[in-house]
Amino acid sequence: MPLLDGDLEGSGKHSSRKVDSPFGPGSPSKGFFSRGPQPRPPSPMSAPVRPKTSPGSPKTVFPFSYQESPPRSPRRMSFSGIFRSSSKESSPNSNPATSPGGIRFFSRSRKTSGLSSSPSTPTQVTKQHTFPLESYKHEPERLENRIYASSSPPDTGQRFCPSSFQSPTRPPLASPTHYAPSKAAALAAALGPAEAGMLEKLEFEDEVEDSESGVYMRFMRSHKCYDIVPTSSKLVVFDTTLQVKKAFFALVANGVRAAPLWESKKQSFVGMLTITDFINILHRYYKSPMVQIYELEEHKIETWRELYLQETFKPLVNISPDASLLDAVYSLIKNKIHRLPVIDPISGNALYILTHKRILKFLQLFMSDMPKPAFMKQNLDELGIGTYHNIAFIHPDTPIIKALNIFVERRISALPVVDESGKVVDIYSKFDVINLAAEKTYNNLDITVTQALQHRSQYFEGVVKCNKLEILETIVDRIVRAEVHRLVVANEADSIVGIISLSDILQALILTPAGAKQKETETE
């Protein structure tokens with residue numbers, strides 16, 4: 001019986017509920033009558049049709065008038081229940097168009113349904129629009145199998161091999177590998193600019209625009225600073241009105257080495273308070289163990305900044321979370337700083353503090369997935385990485401105040417401790433100086449380095465050594481695993497030869513291959 005177009009929607013919504021009734025495969029129409037009469041829910045579009053049938057009459061699926069107007073009859077949409085799958089656990093509310101089992105409904109068995117319909121029936125089934133084919137547009141090979149399954153011969157297992165399926169009137173389907181590039185392109189098009197940049201590391205092997213030596217540079221350029229920010233981390237912020245002494249105690253209590261400085265008057269971050277500031281205060285105001293360091297006890301951070309910076313005031317060096325890691329590495333090395341705060345330019349919030357160690361560890365995690373440049377197999381002597389001339393060092397009996405003077409004058413972050421025979425026995429870094437604040441022993445800086453190192457934390461990094469004949473790949477792996485900031489280059493006699501730092505390694509891995517671009521940036 002022809003129905004209005006409005007009934008087409010209503011019948012489609014309830015077709016899955018009707019077809020799941022138990023019925024024999026040889027009598028499709030009888031199975032629908034076994035449910036008993038069910039009045040249709042009222043709808044504005046089906047109102048003109050309702051007077052033609054009584055509310056208690058069953059809904060006939062295959063009336064004889066079906067042949068008179070096949071394009072207008074929505075009852076052929078109930079064929080989805082006749083072609084039953086092998087599973088009997090399908091829910092009445094399940095939608096074959098979206099479930100994986102719906103793909104097999106029309107490719108299972110036309111013989112088991114027991115239909116004796118006219119030759120035009122299969123054509124009409126393929127034209128029905130109950131199931132939106134748009135949901136399969138990401139899998140074209142399965143879509144073709146879905147369309148021609150109703151007019152294909154009985155199931156021969158070809159649905160599991162889309163590439164072998166052939167239609168008498170259509171060419172064979174393409175192999176699934178044919179669609180792999182289109183899927184990757186569709187994925188890249190669907191992602192935003194930030195996420196699309198993350199996919200660049202997967203295409204390193206196909207890039208021919210640059211040499212293989214620039215693979216790490218391209219990796220850092222394709223990742224943003226936000227990618228390296230951990231899910232959970234601690235960030236301590238100091239107001240410039242806080243006393244210097246309390247600020248350093250807070251660094252020790254929270255186990256951090258630096259903190260951004262917030263100035264309430266400007267409502268912005270104006271600088272960083274690091275262990276270097278603590279060393280500079282001790283170096284500048286320490287007189288003797290008998291004289292208290294008044295400036296450390298009473299000065300506020302803003303007072304110290306005014307006295308120390310004076311005419312050398314510089315704005316805070318920071319970076320946006322949307323900037324590339326290549327820009328972060330370049331900013332760290334160019335400005336000769338060890339900590340780079342990541343500040344959101346919109347909200348003004350500080351998100352994280354980038355360091356050489358964090359960046360190199362991030363890069364090392366993905367090194368195994370990237371092509372290995374040739375220079376990774378070269379040793380330190382061939383590459384010339386590190387400092388091998390005029391190495392600053394101290395002895396075990398060197399006073400702390402002298403070590404602090406070397407830190408300030410040479411602008412270095414660590415001093416190897418060498419015994420009388422020339423062997424490296426320990427290392428005294430800037431981070432060890434903060435223990436003076438923890439122990440409240442900064443009033444007596446005449447004690448020896450050995451005495452000061454006795455109070456060192458149990459998490460001491462230790463002296464990690466290497467030699468000049470080790471390749472760069474080994475050096476990177478060792479410094480990342482040891483979680484240290486530098487390696488002492490020693491010879492066979494365990495005597496100091498040089499120092500290789502994190503900045504030296506990042507320079508060799510990232511900036512040296514990108515030297516031409518960095519020089520252009522410097523000139524600008």
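Just so you know, glycine gets a Cβ as well, placed from its N, Cα and C.
What Swiss-Prot lists as region 'Disordered' is 1-178.
Feature annotation from Swiss-Prot assigns phosphoserine to S21 (among others).
Summarising the annotation, Swiss-Prot assigns phosphoserine to S27 (among others) and lists similarity to another entry as the type of evidence.
The feature phosphoserine is assigned by Swiss-Prot to S29 (among others).
Taken from Swiss-Prot, the feature phosphoserine applies to S46 (among others), supported by similarity to another entry.
According to Swiss-Prot, the feature phosphoserine maps to S94 (among others), an assignment based on similarity to another entry.
Among the features that Swiss-Prot reports, phosphoserine is placed at S99 (among others).
The phosphoserine feature in Swiss-Prot is assigned to S117 (among others).
Annotation comment: Swiss-Prot describes S118 (among others) as phosphoserine.
The feature phosphothreonine is assigned by Swiss-Prot to T121, with similarity to another entry given as support.
The annotation compositional bias 'Basic and acidic residues' is assigned in Swiss-Prot to 135-145.
Look at Swiss-Prot and you will find S152 (among others) tagged as phosphoserine.
Annotation source Swiss-Prot lists domain 'CBS 1' at 230-290, citing sequence analysis. In this model, the domain 'CBS 1' (230-290) carries an average pLDDT of 91.
The AMP 2 binding site annotation in Swiss-Prot covers R257, K357, S429, K430, F431, D432, R456, H485, R486. Following the DSSP three-state reduction, the secondary structure of F431 (AMP 2 binding site) is helix. Within its own chain, F431 (AMP 2 binding site) has R257, I275 as residues 6 or more apart in sequence whose C-beta sits under 8 angstroms from its own.
Across the residues annotated as binding AMP 2 (R257, K357, S429, K430, F431, D432, R456, H485, R486), the widest Cα-Cα separation comes to 21 Å. Sequence-distant neighbours of R486 (AMP 2 binding site) (same chain, 6+ residues apart, CB-CB distance under 8 A): S413, A414, I479, I499, I500, S501, L502. Taking each Cβ in turn and tallying the other Cβ atoms within 10 Å, the top scorer among the binding-site residues S429, R456 is S429. Secondary structure of the domain 'CBS 1' (230-290) per DSSP (helix as H, G, I; strand as E, B; remaining residues coil): 22 helix, 16 strand, 23 coil.
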